[in-house]
Amino acid sequence: MAAPLALVLVVAVTVRAALFRSSLAEFISERVEVVSPLSSWKRVVEGLSLLDLGVSPYSGAVFHETPLIIYLFHFLIDYAELVFMITDALTAIALYFAIQDFNKVVFKKQKLLLELDQYAPDVAELIRTPMEMRYIPLKVALFYLLNPYTILSCVAKSTCAINNTLIAFFILTTIKGSVFLSAIFLALATYQTLYPVTLFAPGLLYLLQRQYIPVKVKSKAFWIFSWEYAMMYIGSLVVIVCLSFFLLSSWDFIPAVYGFILSVPDLTPNIGLFWYFFAEMFEHFSLFFVCVFQINVFFYTVPLAIKLKEHPIFFMFIQIAIISIFKSYPTVGDVALYMAFFPVWNHLYRFLRNVFVLTCIIVVCSLLFPVLWHLWIYAGSANSNFFYAITLTFNVGQILLISDYFYAFLRREYYLTHGLYLTAKDGTEAMLVLK
């Protein structure tokens with residue numbers, strides 16, 4: 001499989017290199033769908049200029065990236081395009097090997113359950129085969145590298161790509177069972193954009209499975225391992241934050257980065273749900289509604305952990321999607337990361353109810369973003385309501401699509417144990433309904 005992956009990487013790099021050299025690069029780098037106040041390359045350049053002048057990059061209200069990022073590009077500014085292409089390639093490679101290992105685990109678990117006669121007798125068509133799973137890692141790499149969202153994000157030099165790489169390596173190290181490296185990469189991802197802290201739960205659940213430790217409140221081994229992983233994660237995060245302080249000799253980055261993410265002071269339009277509401281809202285209501293909006297990212301973690309404790313990788317997929325929808329400053333690069341996982345769940349396709357309609361909604365909205373932006377900002381024949389309407393439709397489409405995958409996953413799991421052909425007590429055919 002190395003040759004096909006190498007071919008995909010070559011094609012992806014070629015496409016990016018061609019776009020970097022085209023006149024479109026400048027246009028893409030200014031698109032509000034592709035960059036946000038957090039991830040904009042122009043803001044990174046501004047921060048670097050301030051740093052070169054001996055001024056704190058956080059002294060103004062422009063730069064909101066982490067200190068490690070600004071020091072990374074302080075040395076690699078001349079190779080920025082190459083850095084972003086390598087970043088995308090590393091993300092795809094990490095996802096490739098992560099899913100390759102995950103498929104092996106899935107197949108072994110399926111084989112064991114078949115031997116233990118845990119599946120219903122009429123579900124042979126739901127059983128996954130090695131041939132069916134063989135090309136899934138390559139498809140994942142393909143879905144990530146050649147996704148237009150990923151390409152646009154790379155060409156715009158959005159720092160969202162770096163966050164995607166950190167999350168991809170967190171997934172890889174978690175699936176490999178490396179507790180320490182998993183904690184480090186999760187800490188780096190949290191340090192970068194804060195929201196990946198919610199991935200702690202699925203990461204812990206998967207590592208518990210790898211260690212054959214039951215997820216039981218009364219289990220001593222469960223609490224010991226959870227404490228160890230939490231301490232590794234928190235310790236790594238503290239070390240990274242302290243390193244940032246030593247680089248800048250200042251704590252200014254904490255309110256400038258994390259305060260900015262949580263308080264949402266910059267209402268530049270984007271593909272998220274925050275900007276329009278807070279632009280229209282009275283100032284004295286804003287704190288309450290900021291809390292209401294922010295809690296969405298964290299609120300679903302506990303119920304999902306309870307429902308999907310036996311399926312932590314699917315839980316991780318859902319949680320990444322929730323982050324990309326409900327974070328304060330989302331971009332299409334965030335959407336591209338969870339979309340890369342669609343081939344992993346191709347066995348759910350038969351149970352998806354509205355996938356065609358929802359895919360059309362997402363594609364059409366993606367095409368209408370620049371049209372309605374032009375009508376609003378340049379032509380003056382539309383207003384912010386038009387742009388926010390398409391943004392809202394785009395996010396509703398994503399929410400319904402992820403809900404559809406969640407329903408399909410639960411439905412397949414139920415059929416595996418209860419059989420495909422369900423009957424009611426009176427012998428008539430029954431229908432499975434999610435409540």
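Glycine too: its Cβ is placed from the backbone N, Cα and C atoms.
Copied over from Swiss-Prot:
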- 4-22: transmembrane segment (TRANSMEM)
- 23-78: topological domain 'Lumenal' (TOPO_DOM)
- 79-99: transmembrane segment (TRANSMEM)
- 100-136: topological domain 'Cytoplasmic' (TOPO_DOM)
- 137-158: transmembrane segment (TRANSMEM)
- 159-178: transmembrane segment (TRANSMEM)
- 179-194: transmembrane segment (TRANSMEM)
- 195-205: transmembrane segment (TRANSMEM)
- 206-222: topological domain 'Cytoplasmic' (TOPO_DOM)
- LYS216, LYS309: cardiolipin binding site (BINDING)
- 223-244: transmembrane segment (TRANSMEM)
- 245-286: topological domain 'Lumenal' (TOPO_DOM)
- 287-306: transmembrane segment (TRANSMEM)
- 307-311: topological domain 'Cytoplasmic' (TOPO_DOM)
- 312-331: transmembrane segment (TRANSMEM)
- 332-345: transmembrane segment (TRANSMEM)
- 346-354: topological domain 'Cytoplasmic' (TOPO_DOM)
- 355-372: transmembrane segment (TRANSMEM)
- 373-384: topological domain 'Lumenal' (TOPO_DOM)
- 385-406: transmembrane segment (TRANSMEM)
- 407-435: topological domain 'Cytoplasmic' (TOPO_DOM)
- Query: With pairs closer than 6 in sequence left out, are the transmembrane segment (4-22) and the transmembrane segment (312-331) joined by 3 or more CB pairs under 8 Å?
  - Reply: no
- Message: Are there any residues at least 6 positions away along the chain from LYS309 (cardiolipin binding site) with a Cβ closer than 8 Å to its Cβ? List them or say none.
- Response: LEU205, VAL215, PHE315
- One stretch in 79-99, 137-158, 223-244, 332-345 has more Cβ pairs under 8 Å to the transmembrane segment (179-194) than the rest, namely 223-244
- Message: If we skip the immediate neighbours and take only residues 6+ beyond the ends of the topological domain 'Lumenal' (245-286), which ones have a Cβ under 8 Å from one of its Cβ atoms?
- Response: 32-33, 36-38, 56, 58-59, 61, 63-68, 71, 193-195, 293-294, 325-332, 335, 369, 373, 384, 387-388, 391-392, 394-395
- Leading stretch by Cβ pairs under 8 Å, where the reference is the transmembrane segment (159-178) and the options are 195-205, 223-244, 287-306, 355-372, 385-406: 195-205
- For the transmembrane segment (195-205) and the transmembrane segment (4-22), check the count of CB pairs under 8 Å (sequence separation 6 or more) and say whether it reaches 3 or more. no
- Task: Could you tell me how many residues in the topological domain 'Cytoplasmic' (100-136) are helical, how many are strand and how many are coil under DSSP?
- Result: 24 helix, 0 strand, 13 coil
- Message: How about long-range neighbours of the topological domain 'Cytoplasmic' (206-222): same chain, 6 or more residues beyond its ends, C-beta under 8 Å?
- Response: 174-175, 177, 179, 182, 229, 309, 312-313, 316
- Note on the structure: Ranked by Cβ pairs within a distance under 8 Å of the transmembrane segment (137-158), the first of 4-22, 287-306, 385-406 is 4-22
- Excluding the flanking five residues on each side, which residues at least 6 beyond the ends of the topological domain 'Cytoplasmic' (307-311) place their CB within less than 8 Å of a CB in that stretch? 202, 205, 215, 318, 409, 413
- A correct count of other C-beta atoms within 10 Å of the C-beta of LYS216 (cardiolipin binding site) gives 10
- Could you give the residue numbers and ranges of same-chain residues that sit at least 6 residues beyond the topological domain 'Lumenal' (373-384) on either side and whose C-beta is under 8 angstroms from one of its C-beta atoms? 32, 269, 276, 279
- Task: Quickly jot the same-chain residues contacting the transmembrane segment (223-244) by Cβ under 8 Å, restricted to those at least six beyond its ends, or write none.
- Result: 66-68, 179-180, 182-184, 186-188, 190-191, 200, 203-204, 207-208, 211, 213, 253-254
- Item | Cβ-Cβ under 8 Å with the topological domain 'Cytoplasmic' (346-354): same-chain residues at least 6 beyond its ends | 126, 128, 132, 136, 139, 400-401, 404-405, 407-409, 411-412
- Item | Contact set, same chain, for the topological domain 'Cytoplasmic' (100-136): CB under 8 Å, 6 or more residues outside the stretch | 1, 175-176, 313, 343-344, 346-347, 412, 415-421
